[in-house]
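What follows is a single structure, written as structure tokens, with notes after it.
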Amino acid sequence: MAIVKRGGRTKNKTQQQAPAKSGIKKAEFDLHKSKEVGVSDLTLLSKITDEAINDNLHKRFMNGTIYTYIGHVLISVNPFQDLGIYGPETLSKYRGRNRLEVPPHVFAIAESMYYNLKSYNENQCVIISGESGAGKTEAAKQIMQYIANVSVDSGNAEISKIKDMVLATNPLLESFGCAKTLRNNNSSRHGKYLEIQFSESNHQPIAAHITNYLLEKQRVVSQITNERNFHIFYQFTKHCPTQYQQQFGIQGPETYVYTSSAKCINVDGIDDSKDLDETLSAMKIIGLTELEQNNIFRMIASILWIGNVSFVEDESGNAAIRDDSVTQFVAYLLEVNPEILKKAIVERVIETTHGMRRGSTYHVPLNIVQATSVRDALAKGIYNNLFEWIVERVNVSLKGASQSSKTIGILDIYGFEIFEHNSFEQICINYVNEKLQQIFIQLTLKAEQDEYVKEQIKWTPIDYFNNKVVCDLIEATRPQPGLFAALNDSIKTAHADSDAADQVFAQRLSMVGASNRHFEDRKGKFIIKHYAGDVTYEVAGMTDKNKDALLRDLVELLSTSANPFVNQVLFPPSLLASITDSKKRPETASDKIKRSANDLVGTLSKCQPSYIRTIKPNQTKRPKEYENQQVLHQIKYLGLKENVRIRRAGFAFRTTFEKFVQRFYLLSPATGYAGDYIWRGDDISAVKEILKSCFIPATEYQLGTTKVFIKTPETLFGLEDMRDKYWHNMAARIQRAWRRYVKRKEDAARTIQSAWRIKKHGNQFEQLRDYGNGLVQGRKERRRMSMLGSRAFMGDYLGCSDTSGYGRFIVTQTGINEKVVFSGRGEILLSKFGRSSKRLPRIFVVTRTTIFIIAEVLIEKRLQLQSEFKIPISGLNYVALSHLQDNWVALSLHSPTPSTPDVFISLDFKTEFVTHLKKINPGLTINIGTTVQYQKKPGKFHTVKFISGNSSDVPEYGDVYKSGTVTVKPGLPSSSRNPKRPRGKSGKVDYSKYYNRGVKKSFPVPSARPTAASQPSYKSPVEQSYQPQVLAYQTPRPEEAKPVQRKAPPPAPVVQNQPQRQPQAIEPVRPVKKTAPSPPVRKTAPPPPPPPPALSAPAKPKFPTYKAMYDYDGSVAGSIPLVKDVVYYVESINGKWGLVKTLDESKEGWSPIDYLSQCEPPSSLFGAANPPSRPVAPSQPKVQSRESTVASAAVSSSTPASTVSNGSLSNGLAEALRAKKTEETTLAGSLADALKKRQGATRDDSDDEDDDDDDW
């Protein structure tokens, strides 16, 4: 897709830094994560040697970890056992993950291939190399399994069918193309390249194609000891279906020469019967008809019976059939004439020609050796053509309706082989492996370094072995002919006699390797020094195997078959025509393998390759056995050390500037906007802008002439991760904006609705308060704080109904699943055996049916909540209170039990608590008197007396319980009523709450005012000035009090909704206008000074004052910090805590009363009542608060002019001007300092705004 350019926006928007992300997930310990042994990537080794690589692979292998990386190359060591690492759970673990997020695995390679296909629209392939038995076939199967599972939509039947057929090719082709060898129980005796084609729209498999390479057909007729024929022969003979047994005369594998001569019929770990069932199932999935399956097994039976044809010598020493019944049954299976079959095996027809004229025809009898060779050639020809037809038939089924341009290729080919006797098959197999090694070198080592030079990238060249010289030794035609050319030339020279052709080939070997140091000629043998080791090949029989053509007599025999599958499919007339055409040289086996190998190289070169290098740890195929010398040899010839060195010095990813911009232009606001490409410059400048916007260090990339090179895969994965999250982030941004807009509308609507409901129906919380006050009206003294006009019965003070916070923690821990109508903190009086009663803190939660009394305990240093008592409200007999202002309430049950006894509790909101109980249980009796009775134990009543006292032992705002007596100071009269709610101040809408994210929420201590969550439409009681109707002992408040000079900054910021001193309420004194100088005045005697003002009685502070003896950090939610030696108000005392206010009443909260000591109020508290004095310019200005400076200026400006004598008028004016200038300077400094402090406090505490919303 081409880049769509779009004009840039003309509006310049200031780019702001995004706020810090607050949704960090909690870190969890992975109990199932295994300890890593060695390093997962060999590039991380501290020392790069073959021995270090071997040691690392050995450690991981013994730990059951068989996979290791070299950059993007996967190293696999065959475990020779099932490790259970390919199940559905493992597959899902690697799905959608890059290779750095998960341990090394073949699934990671498969995921990377599929991701690159989707993301970069490039063909992918995986090259699996290694020697025989190293695990190449298993790796290919697992890659096919992974891609088929992750790429298929389960809802699409057609796609699922393609997936099933692709997977079914594995058991089918393994049965016909794999065999047990000395080194491998499931060795591929052919090569295949599977290409899975994907649709361009949804990247699902729509077709596939298999290319076959060089089946080892010699294995059909002979195997070395302890090896087996192809699996299908043992599957068919051991578990043959009944109809085939009767129709084809199938018996056990020991009956047939081709399956029993190597003396290996059974193999550990191979279940031939089960494998045949899988083969038959695969045939059905692929779509082979019953007739096609019958023909396949008819040919298998024919081959088995052909092998049982044996010979004897006749009188002339020629070969004769030992048992005619065998040939007759073979003729029945092939549906040919038995006599023609016998003649084709024991005779050879030779035609002579004389120039252009046809000559004579001779029937030449064959000896036993020659007849055996013809018999085997017939069996090999039938099996080879049958296998090629099966591959073609599979391709017909896998062919899709639509063509796709993008594929994933999986190469599964025979590994490098070195046997005791090596012939033409081994040289072909090793040649293909040399070609694959050459591809690996070209695409990883040579191509990488060549590209660095071309792109002018800084690079240190690394030496490596290029095996092209070995490939040329085998396949070259000119200037120096190679081995394959010499073989073909030998056949052409002596085509009639195989032995003579072998001798000609042996003579030509000296010319082939004369100047090649990787070749050695031996008598009757020759050595090629392959990349994997030196291999000695035998000349005998090579030319005959290279012919790869059936005898004309055999082809003519099979063309007479009455079975169309034989004479039209396996051996069509075109085959006979090509053999009888003497003008055209038939294609040899070496020609075929050379053409196939070069086609394979061309196909792989068009793909983005992935590599898997397999290693065989031992020759005995035993698990947990690791032969160091053998593995070290493989490490050397695979070139792992050079690969590690180049990888460490190279770059993990490179692509053209255009492709990079196309992929990642979204990541920079300068190159992409709303999904469109808006960059106006060239591609290289766009690449620089993208890397800059993504904060990629310059050390992590280099820019070439046409490409950008990324050094580490972590950088690439980071870019890909940002790209994947781009659209999600854009959608989230739009959602946030929309939610802000909707939230503002909803909040505005709720505010209007709340105001209208209050205006129309009244405030329900205040109505509940008035109802509750009526229950105790005239019967109980009241606390001053209960009589505030802003006091409302909000109920859930701990926020138990909220979706988060400490209240939600309470109900979750205790299992409360009912609606909470009241929650708060208080104390309970508990008595223990042999001890006096003790006041213990508790949490009280009231639902519609139950009172929960909850204890906070520390278990293993963790806070736990335990439900101590559950009291049913319907079981309450009465509640008892005293007539004084104390907070004690007794709950008495009809039938108390040890688990639900009567309780004696103390809580600040006792009137509200009782009101809710009365609302829930209207028949509840409320007893108020001088004593309170409740049952400490069932049937044992306890009486508590209440007395009023003013002694110093009684706290101002609490009580003393001792020996069944509660002593409390006098409260407000029982007839007191709440005044009208004060009018709230007007203010602007705080829009910051719609934009600021990540603000820490606070969980305040119990308070007499509701939390922000439970009271959205009410002002806090602290905001209002309280004026109870009856307050005999209250001292009139001064008009304006001076704040105390503090030695430390304020301990906490002012809560946002608390009243703040408005700047316009305190105006600085305007400078006095300079007047025209007055005319000289006649000097007279100065008048007497005015009398001093009368001394007023010292003002009494509104609350007791206490001095802090220690510093207190205020870390507990709802508390206020204390600064040593600073004086504070203490409004009330509850146990060991006091409600503390600063002297300017800007902050309040709870603090330990033991940290405070009562003291006399400071003189600065009554600065407004002191007599005015003439201001004197200080020698050094002192930093004062803004309020004190303004107060001083006001006092100075209010001094009457008549008090200044006429004689000192000029001196007085000069002094006044100097004082005024000093005051202005001091005022400016104070304002500046105040602003700095305010800004600092705002910065320091911006995240804790909600924490200061403390309750009283």
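Glycine is treated like the rest: Cβ placed from N, Cα and C.
What Swiss-Prot lists as ATP binding site is GLY130, GLU131, SER132, GLY133, ALA134, GLY135, LYS136, THR137, and the listing cites sequence analysis. SER132 (ATP binding site) falls within neither a helix nor a strand when secondary structure is assigned with DSSP, and so counts as coil.
Residues or ranges marked as compositional bias 'Low complexity' in Swiss-Prot: 1054-1065 (among others).
Summarising the annotation, Swiss-Prot assigns compositional bias 'Low complexity' to 1188-1205 (among others).
Residues or ranges marked as domain 'Myosin motor' in Swiss-Prot: 37-724.
For 728-748, the entry in Swiss-Prot reads domain 'IQ 1'.
Taken from Swiss-Prot, the feature domain 'IQ 2' applies to 749-774.
If you look up Swiss-Prot, you'll see 782-971 marked as domain 'TH1', on the strength of sequence analysis.
Positions annotated as domain 'SH3' by Swiss-Prot: 1101-1161.
As annotated by Swiss-Prot, region 'Disordered' applies to 1-24 (among others).
Annotation comment: Swiss-Prot describes 965-1101 (among others) as region 'Disordered'.
Under the heading region 'Disordered', Swiss-Prot lists 1164-1210 (among others).
Feature annotation from Swiss-Prot assigns region 'Disordered' to 1232-1256 (among others).
Annotation for THR137 (ATP binding site): same-chain Cβ neighbours under 8 Å, separated by at least 6 residues, are GLU174, CYS178, ASN186, SER187, SER188, ASP412. Counting only same-chain residues at least 6 apart in sequence, those with a Cβ under 8 Å from the Cβ of GLY135 (ATP binding site) are SER76, VAL77, ASN78, THR614, LYS616. DSSP places the residues of the domain 'IQ 1' (728-748) in helix, strand and coil in these numbers: 21 helix, 0 strand, 0 coil. Confidence in the domain 'IQ 2' (749-774), given as mean pLDDT, stands at 88. Across the domain 'SH3' (1101-1161), DSSP classifies residues as 3 helix, 28 strand, 30 coil.
The record gives GLY130, GLU131, SER132, GLY133, ALA134, GLY135, LYS136, THR137 for ATP. Within 8 Å of the mean position of their Cβ atoms, the other Cβ atoms in that chain belong to ASN78, ASN184, SER187, GLY415, THR614, LYS616. Broken down with DSSP, the domain 'IQ 2' (749-774) shows 24 helix, 0 strand, 2 coil.
Sequence-distant contacts (6 or more apart, same chain, Cβ under 8 Å) of ALA134 (ATP binding site) comprise SER76, ASN78, GLY415, THR614, ILE615, LYS616, GLN634. Other Cβ atoms within 10 Å of the Cβ of GLY130 (ATP binding site) number 25 in total over all chains.
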